[in-house]
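Here's the structure we're looking at; comments come further down.
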Amino acid sequence: MRTARFTLDPAFTVGAVNPRLFGSFVEHLGRCVYTGVFEPGHPTADAEGLRQDVLELVRELGVTAVRYPGGNFVSGYKWEDSVGPVEDRPRRLDLAWRSTETNRFGLSEYIAFLKKIGPQAEPMMAVNLGTRGVAEALELQEYANHPSGTALSDLRAEHGDKDPFGIRLWCLGNEMDGPWQTGHKTAEEYGRVAAETARAMRQIDPDVELVACGSSGQSMETFAEWEATVLKETYDLVDHISLHAYYEPHDGDVDSFLASAVDMESFIENVVATCDHVGARLKSKKKINLSFDEWNVWYMTKTQAEVSALDWPEAPRLLEDNYSVMDAVVFGSLLIALLRHADRVTVACLAQLVNVIAPIMTEPGGPAWRQTTFFPFSQASKYGRGEVLDVRVDSPTYDTAKYGEADLLHATAVVRARRSVTVFAVNRSRTGALPLEVALSGLELTEVVEHSALADADPDARNTLAEPERVVPHPVDGTSLRDGRLTAALEPLSWNSIRCADPAPGQPPRRPGEGTGFTGTPPAAPPSSSSAPRPDPTARRSPDRTARARVLAAARVRRMPFGRTKVCGAPVRPPTYAPRFQPFRKTWTRWAPAPRSGSPSRRSPTEASIPGGTSSRNVVRYQVTPWRRSPPGSAPGTPAPTRRRRTRAGASRGAPRTARRC
């Protein structure tokens, strides 16, 4: 199989990863809460009824923001039912999932659960804008966040929570575009109530972060029009707009299922374009970020039959999908899609956390175990913090019925302080290993710390109660890093995490911009004897490539795969860098316009610049001669030979210098 390739350079980044990208979701649905995170009679339960075995797995998973209480559940949610003494809390019908809600796990228990996860866990609270409105949202905000001295804040203290909950991130309803939603609204109706709620909540706390409801999927008939209408009302009042997407194979189309991230990336880019279009129309400098607060692999087609058969039970077994290796590979590819858009996707919530389409499964009174999807998420959360590098893959492709031609390789990379890089990669091929070659430019990394893969000879292999460790990541041999080239072989249908690092982590990282010129004493010239050992190629490189990257970027140089660059349309090889530098040389060349039929074959520079008449192509070329190494054996400071200036055939070499325009 042809080798897949891409280049990594810290000068070309997407953006910093927001820790909220590794959020999750706890909804009062099925066994997510009851016998999931909360089971008072369990052998590992603490005094609050929280399962300690589940808490340990949640910490290992690396979850940050946790969205609560829904989901469809929130459109019938009365927050007052979930506070106060447990014995006084009412039982309610949950219309969304045809279940009975006991309210034994409520707002206080949710905050306690987050505190026990650790300081990285952040509340993300949804308010009911389906059957309720502005007043109820304000009362919930006052109860949760106001310090003291009001009826609702004092009521919270009476309930045992003297300190405010400090909820900063709020969702203004859930999936209000969906006809299945209790209290479904049109975009105009929802936009007005969301704007009123946001404006009022900011009167209590101007620093709250608010998420407006976007479309429930890219396939919705109102997609894009919904976002545009809602943002027209709320653009200056909210910080994020939500996206929801779930994927499953349809009619046995596995190839399209494996390329599901193609749809997710398209979804993200279309919503970004819509948001920016609205901002431009409103002449606003503000950018709306994206909250992808529901995403997963979900075999949704069987859900309707499960729900319609229920007769209002408590915590029924619903949506308990058991994930295979293939599901985990698609899941990992969705994670890669989120990381590749980290500049605009600043919040993401895996739906859900326990039992319900979840990476963690439990048995009432029994153990908890990890699903196959647990491992890509935990590795991405652990090693995917930092700056996402811009990855443009050159990969073999395959055909899909749904998305057309798709790459076999889906990849991204995250750099931390230029001391380590983690490559996350998925091989979508079901039949063959995929050779991978990565060029590391501007990254002084020399060793592979770990190459871990999630794959199996049986793509349908799963972890179950009987075999909880049937599928686990395994180390991969043969991955190497030499002379700035990372090479690996990605197993068929696999999720891969490859970590590379600097062998000298004790040294402080270089500050951005440091080393923009050579100020030290130049080393002695290399020996002229042909028998002398050749110096290490890495020793001839610049001690810092930040200056190189900045100057090339300033000259509008586009980097191409594997160390090639393009300067205004002219592909050139990057120069070899040495401690002995020559200054940059700038030359300008005017290209004469192509002669028209019947016109003279040569024209003067003056004629070439006359607008109209002949061809209007008056192209000015800006050519950069970078630092060049002095000739071997020469004294320091000896100028390097000047290259001949390239001009297009027929161009005038005597053209006057002029400024470049692009």
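Note: Cβ is positioned from N, Cα and C throughout, glycine not excepted.
The alpha-L-arabinofuranose binding site annotation in Swiss-Prot covers E27, N72, N174, Y246, E294, Q352. Swiss-Prot lists E175 with the feature active site, proton donor/acceptor, giving similarity to another entry as the kind of evidence. The annotation active site, nucleophile is assigned in Swiss-Prot to E294. Residues or ranges marked as site 'Important for substrate recognition' in Swiss-Prot (evidence: similarity to another entry): W298, Q352. What Swiss-Prot lists as region 'Disordered' is 454-483, 497-548, 588-662. For 519-533, 590-603, 628-641, 649-662, the entry in Swiss-Prot reads compositional bias 'Low complexity'. Annotated compositional bias 'Basic and acidic residues' per Swiss-Prot: 537-547, in sequence order.
Long-range neighbours of the region 'Disordered' (454-483) within the same chain, counting only residues 6 or more positions beyond its ends whose Cβ lies under 8 Å from a Cβ of the stretch, are 322-326, 328-329, 332, 361, 363, 366-367, 369-372, 375-376, 379, 430, 440, 445-448, 489, 491-498, 500, 537-538.
Residues F25, L29, G70, G71, E175, H244, A351 surround the recorded alpha-L-arabinofuranose site, their Cβ atoms falling within 8 Å of the Cβ centroid of E27, N72, N174, Y246, E294, Q352, which are themselves excluded.
Counting in whole angstrom, Q352 (alpha-L-arabinofuranose binding site) lies 10 from W298 (site 'Important for substrate recognition') by their C-alpha atoms. Distance noted between the C-alpha atoms of E294 (alpha-L-arabinofuranose binding site) and E175 (active site, proton donor/acceptor) is 10 Å. When the Cα positions of E27, N72, N174, Y246, E294, Q352 are compared pair by pair, the longest gap among these alpha-L-arabinofuranose-binding residues is 16 Å. You'll find the Cα of N174 (alpha-L-arabinofuranose binding site) roughly 18 Å from the Cα of W298 (site 'Important for substrate recognition'). In the structure shown, across all protein chains, N174 is the one of the binding-site residues N72, N174, Q352 with the greatest number of other Cβ atoms within 10 Å. In sequence order, the recorded positions near W298 (site 'Important for substrate recognition') (Cα within 10 Å of its Cα) amount to none of E27, N72, E175. Counting only the Cα atoms, the space from the residue listed as 'active site, proton donor/acceptor' to N72 (alpha-L-arabinofuranose binding site) is about 8 angstrom.
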